[in-house]
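Asker: What TrEMBL records for this protein is below:
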- 1-75: domain 'CARD' (DOMAIN)
- 88-115: region 'Disordered' (REGION)
- 121-243: domain 'Caspase family p20' (DOMAIN)
- His196: active site (ACT_SITE)
- Cys239: active site (ACT_SITE)
- 275-365: domain 'Caspase family p10' (DOMAIN)
Amino acid sequence: METVRKNKVSLINTLSTDASFVLQHVQSNSIINQRDYNKLNQPNHTQEMIIINLLDTVMGRGDETCQKLLKLLEKEELQKNFPQLKNLFTPDQRSHDQRSADQKGPAKPTEIGEYKMSSEPRGVCLIINNMDFHSPHQKRNGSEKDEESLVKVFKWLGFTEEVHRNQTAEQMKTILRTHSRNQHHGDCFVCCILSHGSADGVIGTDGGKVTGADIYEIFNGMYCPSLINKPKVFFIQACRGQQYQPMVKVQSDGYKEVKGGEAKVKEEELETDPVQITIPAEADFLVARSTVKGYYSFRTSSGSWFIQSLCEQLTKHCPAGEDIYTILLRVNKEISEKTGLHNMNNAKQMPVQKITLRNKLVFRVPQ
């Protein structure tokens, strides 16, 4: 990545003489996909702008993608069209990883670094909490407790919290677009969405849908360059409204065995959450969802199992320097050991994470 970054200006000057030629070869070599190609190849963009956006996209996807681009630029066909490329890169400019790959003998173990987490504030924690919906979606009782817990924890972790309640789909999109266009000076961006959901995305209070592209893709390197190489974290607590089941018996949160009888049960609310929205392919994303497809997502008057467990585990283990992946494993374990009753059948919940982080992400508690 450093080779591309250090030579970015020269690459822009060289490749912008024929941006269309570059895009075609980059796509045909699977460095970008069709969707990327369509976004980059905008008729109202100058050739220079197209190359700038292309390089930002490639760098945003990490060292492996950067190496693919460098190998492409070494090909005869590319260097014939852009003779300046022959003198642009020297062997010393190649990345350490690439040199190691060329050397004979056993490869050295890859060292895992840690994302910088020292800015003040650490970044923005955006919370969108939809509780009151137009029919047929029912009110999400207990979601205010999730909001309170998230605000408390991320404020303690040094983030600037921003809360929006009861937003329509278009209002949600506007909020997300605004943040993607902002200049992010912090080390991290966190977004928490609490709402009903569907197979296509997350539901606004008006019943409109916010898709994965609306949520994630606008924060990639092309649209949000100030977050390149910074972790972008999304926590999604959402349900499938049409399968909402009120007044379901749920075992106690501790799910401890009680001698001489069953654990105490109480009537609570149950929501299902497949939310199969697309996960970004770019580097430095973490998307944690409350449950996998086919499982249930429990929300009680005290908040949802997922968000409450997340906040509790962050509070317990961030001071010890534990990374977010390990913390989410703790959340998975805690929630998987709980059991609810749905129509007299045992109902389980299992959170799921999709991660393209390239370093350890540790939320360092400000001193």
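Just so you know, glycine gets a Cβ as well, placed from its N, Cα and C.
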Asker: With DSSP assignments reduced to helix, strand and coil, which class does His196 (active site) get?
Answerer: strand
Asker: Mind checking how the domain 'CARD' (1-75) divides into helix, strand and coil residues in DSSP?
Answerer: 58 helix, 0 strand, 17 coil
